[in-house]
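**Student:** Quick one: the structure is below, and I'll ask about it shortly.
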């Protein structure tokens, strides 16, 4: 079964998309065409959206699902005339909160994502810059400023995990690739020994690692199953020998990996 889902907002659309994606993920038997439409902030834009929604309904043979965070009632009323099934996120959640808190909401567009109102903005930018500057062991002299240092074999998911934690949580995460030479020495590289309390290991199934490496360097020793199996086995032995917590990234999303790391290390997110 196929359905179209629209994430519509008169702001960035981040809230509508984030919540909508989470809800749609619960319906694994349905294939969704997902369309984000931010800054629908005029009646003219709203009427154009109605046409898009109706076209999708005709094409799919079923009503599109609409997740909206629209503040303007006029725009919401126009969209309500479409052939879509509307889920008004603000009305669904703010009304019960207003009742519980005995206070009226400001109904401000993009409140949580506004630079001028968001003290987390610079924390996020600094964390992303830190992750990029300290990626793949490129430099180690700033490890004293790191909240976390991810270690593991090449191409096991360290970089995307560091960047996600920076963007989502403001965590300053560095990463360091463990090489065959490191494993043969049977100990941590000297650059990491001083920061052992910040280390967390990532590992991966050898067949998955071989597939990823083959996309980068096909038919190379680096990408061979035998090499991948050796590196994964030895790095896991190193983690156990050094008492470094680690998880296998094969079957987890970057969101799940990041959350598990923060819980196991007891690191508090900087973005509140």
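The backbone N, Cα and C atoms fix where each Cβ goes, and this holds for glycine too.
So Swiss-Prot says this about it:
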BINDING   152, 153, 154, 155, 156, 157, 158, 159  ADP binding site
**Student:** According to DSSP, does residue 158 (ADP binding site) sit in a helix, a strand, or coil?
**Tutor:** helix
**Student:** Under 8 Å Cβ to Cβ from residue 159 (ADP binding site), same chain, six or more residues apart: give me those in sequence order, or none if nothing qualifies.
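**Tutor:** Spatial neighbours, sequence-distant, of residue 159 (ADP binding site): 131, 135, 136, 175.
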**Student:** Return the residues near residue 158 (ADP binding site), defined as same-chain residues 6+ apart in sequence whose C-beta is under 8 angstroms from its C-beta, sorted by sequence, else 'none'.
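**Tutor:** 136, 150, 151, 152, 175, 176, 177, 202 - these are the non-local Cβ neighbours of residue 158 (ADP binding site), listed in sequence order.
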